[in-house]
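Enquirer: Relevant sequence annotations retrieved from TrEMBL are reproduced here:
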- 23-33: compositional bias 'Pro residues' (COMPBIAS)
- 245-258: compositional bias 'Polar residues' (COMPBIAS)
- 265-274: compositional bias 'Basic and acidic residues' (COMPBIAS)
- 95-116: domain 'NF-X1-type' (DOMAIN)
- 124-142: domain 'NF-X1-type' (DOMAIN)
- 187-208: domain 'NF-X1-type' (DOMAIN)
- 1-40: region 'Disordered' (REGION)
- 236-322: region 'Disordered' (REGION)
Amino acid sequence: VLRRPPPRREQMANSAAAASGEPPVPPSPPPLMPAASTFQPAASVPSPSGGCSACQVIVTQVCVGGHTTRQLLCCEAATSPSFACAEPCGRQLSCERHQCMLGCHAGNVPCQVCNEECKAVLPCGHPCGKGCHAGPCPPCDGTTKTPCHGGHQSISIPCTVRASASPAEMQTLLMCGVTCGKQLPFCQHECLEKCHSGACPTPEECKKKVTVRCQCRRIKRQWECAKVQKALASGHHSAEEVESYRSTSRALPTSTAPSVVPCDEECKAAKERTSVQNPKAEPSTASDCIAVQKKPPTAGPVEGSDTRSGRNKRKNNIDAQQ
């Protein structure tokens, strides 16, 4: 016996609505079903040969560069085992710094050769400038200019030599060979040594010739500056004299030459003759000494001689007699 199925909920609602005069209730949507899997087999396709049908399973295939994937039927993947995507290769080049920018390709296809320039900064401060490479940069083939010790000129030194030179060798490399010319500390003369580093060697041994005189300024000699310094430092000269020599010995006038030469017998004789003629006057310059030597001694005026004092004296005698 066939039984009639029970009325659906919509039919019962519509019947009630019709009895009450209300509009019918719309049908409810069908229930949601889960989506079919991507790998669900498609409809079977009969094989032309009458054997097994071609595989209709959907498989995922990766591009030859490993960037992207695609999905296709297994039977199609068998005839198209690989594909190239639109992405660049991106593999690291042999320089280990840049990437291959060729289109997607298989690993057995060589990547591009890097044509970039290495921009690494070397210890000397120069850029490498070589073609892009792996590992450490090669030695720099440039030069660096450095002022010499005395600042006279700049010396070009290859960077490879500078990198391997010891401190002592660098001191030698920076000697230009020109006379130092720095002012010495104990006088106003210049250092005559060749270009050197640091303080001038033996500044107290200045070889510059200096004019010196005796105390009365008659004797004139040419001494080395070092000898003059020792004579001034012997304790027989004031600090003012020593300082005056140190501050003016570069262009020392002959008239103010330091009196470090001892006077001789002729100087003493000239001084004695001067003291006899004028006890209060002493020769102070060489010209005075020479003048005293050449001028013979003269007696004082004779009483009664034809001088103003003599005439006055005779007149006084005559007046007294009258």
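Backbone N, Cα and C atoms are what each Cβ position is placed from, and that goes for glycine too.
Curation does not apply to TrEMBL; its annotations are automatic.
Each of the listed features needs to be described in terms of its position in the shown structure.
Expert: Under DSSP, the residues of the compositional bias 'Basic and acidic residues' (265-274) split into helix, strand and coil as follows: 10 helix, 0 strand, 0 coil.
If one looks beyond the domain 'NF-X1-type' (95-116) by at least 6 residues along the same chain, the residues whose Cβ comes under 8 Å of a Cβ in the stretch are 63-65, 67, 82, 84-89, 131-134.
Within the chain, the domain 'NF-X1-type' (124-142) has long-range Cβ neighbours (under 8 A, six or more residues past its boundaries) at 93-98, 114-118, 158-160, 162-163.
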Enquirer: Within the domain 'NF-X1-type' (187-208) only, compute the mean pLDDT.
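Expert: Averaging the confidence scores along the domain 'NF-X1-type' (187-208) gives 86.
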Enquirer: Is it possible to list how many residues within the domain 'NF-X1-type' (95-116) are helical, extended or coil according to DSSP?
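Expert: Taking the domain 'NF-X1-type' (95-116) as a whole: 0 helix, 2 strand, 20 coil.
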